Amino acid sequence: MSVAALRVRPAWALLENHFQKMQGLHLRQLFAEDAKRGEKFAVEAAGIYLDYSKNRMTAETLQLLLQLAEESGLRERIDAMFRGEKINVTEKRSVLHVALRAPRDATIMHDGENVVPQVHSVLDKMADFAVRLRSGAWQGHTGKRIRNVVNIGIGGSDLGPVMAYEALRYYSERAMTFRFVSNVDGTDFAEAVRDLDPLETLFIISSKTFTTLETMTNAHTARDWLLAGLNGEEKAIAKHFVAVSTNTKEVAKFGIDTDNMFGFWDWVGGRYSMDSAIGLSTMIAIGPENFRAMLDGFHEMDEHFRTAPFDRNLPVLLGLLTIWYADFFGAQTVAVLPYEQYLKRFPAYLQQLTMESNGKHVTLDGTQVDYDTGPIYWGEPGTNGQHSFYQLIHQGTRLIPCDFIAFMQSLNPLGRHHDMLLANVFAQTEALAFGKVEEEVKAEGTPDWLLPHRLFAGNRPSNTILLDRLTPAALGKLVALYEHSVFTQGTIWQIDSFDQWGVELGKVLAQRIIPQLEDTAEPKLEHDSSTNALIRRYRKRKGST
Ligand SMILES: O=P(O)(O)OC[C@H]1O[C@H](O)[C@H](O)[C@@H](O)[C@@H]1O
């Protein structure tokens, strides 16, 4: 199906017209007009309840957005992804993270081959390793039990593992220590290992390409640190280093036995890889059974996304609402606010998923877009954020659509804590939507001069996403929900959500500058005057105390 440019799709013009009407409508009015609104605009699927009624939309908005999804070829594109078509056109790659969580008997084809058996063979190898490590059967070079696991990776090879470890800490093996090193800033490595015994430490070098500067630098430092603790015995490497990568050649070059390598494939994007072998640290932490439960959660959401009608399709609805605010209301950001301490790294994880995917300025055929694409995602867990940035969401001049995420049951029930936590979720969405009008503020005895400061205009939209309990499966569903929301948005914008050329330039320039900082001979600097002066200043002062 050939898809027209976004602005000439019929639904777009209809939405533009419709927006004029919606702009002036208040959520107070929308709720007053329909006593059932709160239930009407809510949908439950795959164990997730999404209440999207506190959005600035009507049944007509929804119908037009759904029309836009149809006209954008969303259905065909979902099928194309699942069929293994090379929808990542700029890299000529398939996009098959859905195959990572397909059940053993499923068939997903890539270049004429069913990839599901390969996926499960890696999962089995990971499970075998995780069990040996957790039971103490896999020992360090001197026969000591491995108690510490350090994942070295960056971007998708770090954020997923860190987020999942934190999210599923409740299920983790508490007798083991898990650390994550990503930054090329030596402090990251130094602090991660300062209290660890090399004889009890396993490093997982996670890198899709196995060429990433930060990861390779940290991996070499880890190697030196280990050998320093083991009298330089090179043989020890085999017991203390494993690799997760798509690049066998580079892994072997680094000196890691490829028997100790866990593979994945170029059809898995870095930011879509936490459920591939990149999740090895997660599997060691929570055990293979819990890891498989997480994959089942992912898969349940995949199936929902693939088969549910769009008007009841959670990722489609989330994605369409994001388009509504980004392109019509001009909202620049989306706040993701998990009311769950274990999800503290979830917003950071989502930043790569959403912004590396949809931070694009040209369509698939290279045409400059004439509309806004990916919004800025950000957030912090509640209730903490309430005491810092929520002020701006409630009374600032910007429109910030919010996703509130909460669980019905606490993993750590303590007195009244959980009721208080959830009361805050509901109170925040209520306050944002309905605000506080002049009469109410006056009735509290507020003097006239103070009135404007104490008014809450309301009409600030939010989604409420509720799950029963933060289980491994629940985490899988939640991540897949956002993955497919990103997909929905990217499809409508007609961009490549699976490449990331924007990160290249800085990398190339850094490679050029490194020798200019390190060479003893004064380098010939041919940058702009600012960069030249900064380099000179650094060279002069780097050794000073
Ligand atoms: O896993 P690696 O090949 O080391 O890549 C790590 C990360 O670095 C790159 O710069 C990309 O922007 C990310 O998408 C990727 O996840």
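Counting starts with 1 at the first residue shown.
Every residue gets a Cβ built from N, Cα and C, even glycine.
Just so you know, TrEMBL annotations are computer predictions that nobody has curated.
Keep in mind that what you see is a predicted model, and the values were worked out from it rather than measured.
As recorded in TrEMBL:
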- E356: active site, proton donor (ACT_SITE)
- H387: active site (ACT_SITE)
- K507: active site (ACT_SITE)
What residues, ordered by sequence, lie under 8 A Cβ-to-Cβ from K507 (active site) and sit at least six positions away in the same chain?
L213
For a quick check of packing: other C-beta atoms within 10 Å of the C-beta of E356 (active site, proton donor), how many?
22
Can you give me the same-chain residues 6 or more apart in sequence from H387 (active site) with a CB-CB distance under 8 Å?
none
